[in-house]
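*Asks:* Below: one structure in structure tokens.
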């Protein structure tokens, strides 16, 4: 079967991105765009694609949720026994990608991932809904399971076990911070003349440049 998508295209007609109107600090620029994405009521504006590479140089992507960001980096949480965690242990160089289609915007981040402190992971875990806390215990992420029903059954057992009192913190779960080395802001443009403003960290200083689309 062949599916021809040659005529499937979209014009980008929103305002362009002028480097003179972008902040010299990429984190400030990201915060500005992120708040605009929130105000636009996009579905999970904090959803980002995380790209990793395994021990045989096979790349993988998956969507995770940004839970914190600051001038230090971008934080997400996961099971430390998952495939993504194994990939990061092998090669901590990763990429993040935010795709805000309704705003005709993308943000691409290249950096290095490292585990955050146990204290910070525990603090965030305590804020999660009880069902999500139980889910962290039940799901042996990336492992083969016989059925969805088995997972639901295990969830109910854990729910009964922890029906009273706090749910303990799983030591195989926690956060990663991606410390960026390059951050690119992309704004769609008419006739495919897109705007690309790229910040690269050089000698502990952010260098801002315009890239050809």
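The backbone N, Cα and C atoms fix where each Cβ goes, and this holds for glycine too.
Grabbed the feature section from Swiss-Prot, which reads as follows:
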type: BINDING; residues: 9, 10, 11, 12, 67, 124, 128, 132, 192, 193, 194; note: substrate binding site
type: BINDING; residues: 62, 63, 64, 65, 66, 67, 77, 78, 84, 106, 141, 142, 186, 196; note: FMN binding site
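In terms of burial and nearby residues, how do these features look in this structure?
*Replies:* Following the DSSP three-state reduction, the secondary structure of residue 192 (substrate binding site) is helix. Taking Cβ-Cβ distances under 8 Å and a sequence separation of 6 or more, the neighbours of residue 192 (substrate binding site) in its chain are 213.
The number of other CB atoms found within 10 A of the CB of residue 84 (FMN binding site), across every protein chain shown, is 24. Residue 84 (FMN binding site) falls within a helical segment according to DSSP.
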*Asks:* Out of the binding-site residues 77, 84, 141, 186, give me the one sitting nearest to residue 67 (substrate binding site) by CA distance.
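*Replies:* Of the binding-site residues 77, 84, 141, 186, 77 has its Cα closest to that of residue 67 (substrate binding site).
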*Asks:* Spatial neighbours of residue 186 (FMN binding site) among the binding-site residues 9, 11, 128, defined as Cα within 10 A: which are they?
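*Replies:* Of everything listed, nothing lies within 10 Å of residue 186 (FMN binding site) (Cα to Cα).
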*Asks:* Distance check, please: Cα of residue 66 (FMN binding site) against Cα of residue 128 (substrate binding site), rounded to an integer number of angstrom.
*Replies:* 14
*Asks:* Quick check: in three-state DSSP terms, what is residue 186 (FMN binding site)?
*Replies:* strand
